[in-house]
Amino acid sequence: MASRISDPEQPKISFSRISKQHVEEDNTREPLVGRDRLKETYSLSAAVLPFLFPALGGLLYGYDIGATSGATISLESASLSGTTWFNLNSLEIGLVVSGSLYGALFGSALAFAVADYIGRRRELIFSSAVYFFGSLLTALAPNFPVMVIGRLLFGMGIGLAMHSAPMYIAETSPSQIRGTLISLKEFFIVIGMLFGYVVGSLCVDFVAGWRYMYATASPICLVMGAGMWWLPPSPRWLLLCTVQGKNNISYVREIAISCLCRLRGQAIHDAASEEIDCILHELSHDHQGRQATIAEIFRGKYLKALIIGVGLLFFQQITGQPSVLYYAATILQSAGFSAASDATRVSVLLGVLKLASTGVAVLVVDRLGRRPLLIGGVSGIAFSLFLLSFYYTIFKDLPVAAVIALLLYVGCYQLSFGPIGWLMISEIFPLQIRGRGLSIAVLINFSTNALVAFAFSPLQELVGTGILFAGFGITALISLVFIFFFVPETKGLTLEEIESKIL
C-alpha cells in the first residue's frame with residue numbers, strides 16, 4: 001500500500017472491476033448535464049500554479065524559435081563560431097533550424113502510443129528531461145552530427161510538451177478560467193520567443209555564442225521537471241484508468257479527491273468529492289469508460305471532435321503563418337524602417353506585438369468566448385493576406401500597405417488561431433481519446449508547418465509572391481467557413497459538459 005500511495009499514477013494491471021456501489025447504482029441515470037450543474041469552486045492562487053510549470057514547456061518551445069535565429073548567425077561565422085566546422089551549406093543550416101521540427105513530429109507520434117498509459121504529469125516530466133538533455137547535447141556538441149542529434153532530441157521534447165501541457169492544464173483548471181489559463185500558454189510561447197531573441201542578441205558577438213544560447217534553456221528545463229514532479233497527477237486521468245479497470249475504485253477515488261484539493265486549494269475542500277463523483281458518473285454512463293479502439297476514434301462523436309481539433313490546427317498553419325513572418329524583415333525594409341536592417345530588432349518588434357495581442361486574447365477569451373475571437377481574428381487574417389497580395393501585384397509603390405497588412409496579420413493571428421487553436425483541442429476531445437486525439441492534432445500541426453515552410457519557396461518561384469499570398473487568403477476564407485459551421489462555443493462548460501452537450 002505504501003508504494004501505491006507514493007506513486008498514485010502507476011496503473012495496476014490487475015484489472016479489478018469498479019465496485020457496483022460507485023458505478024452501477026442504477027441503469028436509468030441521466031448524464032451530468034441533465035442534472036443541476038455543479039458549480040466549480042477554487043482558490044485562484046492554487047489554480048494558477050498547476051498552469052505555471054506545464055506552461056514552461058511552451059516557453060521552451062518559443063525560446064528555441066527565438067534563440068535559433070541568433071544561433072545560426074553565430075554558428076556560420078568564421079571568427080565567432082568557435083568550431084572548425086563553421087562552413088555549413090544550406091542543407092546543414094536547414095537541419096539546424098528545422099531539426100527541432102523533425103523531433104517534434106516524432107514526439108507527437110510517440111505521444112499517441114504512450115500518453116494514455118503514462119499520464120499527463122509523467123509525460124511532462126519526461127518532456128522536461130528530453131528538453132534538458134537536448135539543450136545540453138546541442139550546446140556541448142563537438143561536431144555537427146552530434147548537434148543535429150541534440151536538435152532532434154530537443155524537438156522531441158517540444159512535441160511531447162505541446163501535446164501534454166494543454167491536456168494537463170485543461171483537466172486541472174476550473175471551467176471558469178480554463179480558457180484564460182490555456183491561452184496563457186501561448187503567451188508563454190511568445191515570451192519564450194522574445195527571451196530567445198534577447199539572449200541571441202546578447203550572445204551573438206561572443207565566441208561560440210551559439211553554445212550559450214542553447215545552454216540557457218537547460219535551467220528552465222530543470223525548473224519545469226521539478227515543478228511537475230511536485231504537482232499531483234490529473235484527477236480525470238486517474239479516474240479514466242480506474243473506470244477502464246486498471247485500479248481499485250475506492251482507493252483511486254480518495255487519491256483523486258486529494259489531488260483535486262491540491263489543485264484547487266481549500267476553497268473546494270467540501271465540494272471535491274461531489275465533483276469527483278460527477279466525473280465518475282459521466283465516465284461510467286453507458287460504459288463510456290472503456291478503452292476506445294483505433295477504429296472507434298474515427299467514428300461518431302470521436303470523429304466529430306477529431307474534425308474540429310485537427311481542422312483548427314491544420315488551418316492554423318496552412319493560412320501561411322510561417323511564410324508571412326519569413327517576409328517580415330523584407331516588408332519593413334521596403335517601408336524604410338532603419339530597424340529593418342537588423343533582423344533581431346525586427347523580430348523583437350513583432351514579438352512585442354504578438355505578446356500584446358496574445359495578452360488581449362487571454363483577458364477576454366472567458367468573457368467573449370472562443371468563436372467570436374476565432375471569427376473576428378481569422379477575418380482579419382484573410383483581409384491582411386489579400387492586402388499583402390495586392391501589395392506584391394498592384395500596390396508596389398505603397399509599402400505602408402504591406403506594413404499595415406503585416407501588423408494586422410500578426411495581431412489577428414495572436415487573437416485567434418494562436419491561442420484559441422491550442423485551447424480548443426485541449427477541450428474538445430472526450431477524455432477516453434484525449435491523449436490520442438490530441439496527439440493526432442499536434443502531429444498534423446507540426447506536419448503542416450513543415451509543409452508550408454518547405455513548399456513556400458518553390459511555389460513562390462512558380463506562381464509569384466502576390467498570387468501565393470492570395471492563395472493563403474483564400475485558404476483563410478475557407479477556414480472561416482469551417483469555423484462558422486463546425487467549431488462550437490465551449491465557454492464556461494466543464495469538459496464533461498462539452499462532451500455531453502456538443503459532441
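Yeah, the Cβs are placed from backbone N, Cα and C, and that goes for glycine too.
Per TrEMBL, the feature transmembrane segment maps to 42-63 (among others). Long-range contacts of the transmembrane segment (42-63) within its own chain (CB-CB distance under 8 A, at least 6 residues past either end) are made by residues 124, 127-128, 131, 157-158, 161-162, 164-165, 168-169, 172-174, 176-177, 181, 184-186, 188-196, 199, 216-217, 220-221, 223-224, 227-228, 230-231, 262-268.
Annotation source TrEMBL lists domain 'Major facilitator superfamily (MFS) profile' at 50-491.
Marked as transmembrane segment by TrEMBL: 93-112 (among others).
Annotation source TrEMBL lists transmembrane segment at 124-142 (among others).
Under 8 Å from some Cβ of the transmembrane segment (182-200) lie the Cβ atoms of residues 51, 54-56, 58-71, 73, 165-166, 169-170, 173, 212-213, 216, 344, 347-348, 351-352, 354-355, 358-359, 361-362, 365, 414, 418-420, 422-423, 426-427, all in the same chain and six or more residues away from its ends. Residues or ranges marked as transmembrane segment in TrEMBL: 182-200 (among others).
Under the heading transmembrane segment, TrEMBL lists 305-328 (among others).
Under the heading transmembrane segment, TrEMBL lists 348-366 (among others).
The transmembrane segment feature in TrEMBL is assigned to 373-394 (among others).
Remote same-chain partners of the transmembrane segment (400-425), defined as residues 6 or more beyond its termini with a Cβ less than 8 Å from a stretch Cβ, comprise 162, 166, 178-179, 182-183, 185-187, 190, 308-309, 312-313, 315-316, 319, 321, 324-325, 327-328, 331-332, 334-335, 337, 350, 353-354, 356-358, 360-362, 365, 370, 373-374, 376-381, 383-385, 387-388, 390-392, 437-438, 441-442, 445, 487, 490. As annotated by TrEMBL, transmembrane segment applies to 400-425 (among others).
Under 8 Å from some Cβ of the transmembrane segment (437-456) lie the Cβ atoms of residues 98, 101-102, 104-105, 108-109, 111-112, 115, 159, 162-163, 166-167, 297, 302, 305-306, 309-310, 312-314, 316-318, 320-323, 326, 421, 425-426, 429-430, 468, all in the same chain and six or more residues away from its ends. Feature annotation from TrEMBL assigns transmembrane segment to 437-456 (among others).
The transmembrane segment annotation in TrEMBL covers 462-487 (among others). Long-range neighbours of the transmembrane segment (462-487) within the same chain, counting only residues 6 or more positions beyond its ends whose Cβ lies under 8 Å from a Cβ of the stretch, are 307-308, 311-312, 315, 318-320, 323-324, 327, 370-371, 374-375, 378-379, 381-382, 385-386, 388-393, 424, 456.
Ranked by the number of CB pairs under 8 Å to the transmembrane segment (305-328), the listed stretches 124-142, 348-366, 373-394 are led by 373-394. Looking at the domain 'Major facilitator superfamily (MFS) profile' (50-491) alone, the prediction's average pLDDT is 86. Sequence-remote contacts of a segment are chain residues at least 6 beyond its ends whose Cβ falls under 8 Å from one of its Cβ atoms, and for the transmembrane segment (373-394) they are 315, 319-320, 324, 327, 361, 364-365, 401-402, 404-406, 408-409, 411-413, 415-417, 420, 464-467, 469-470, 472-473, 476-477, 479-480, 483-484, 487.
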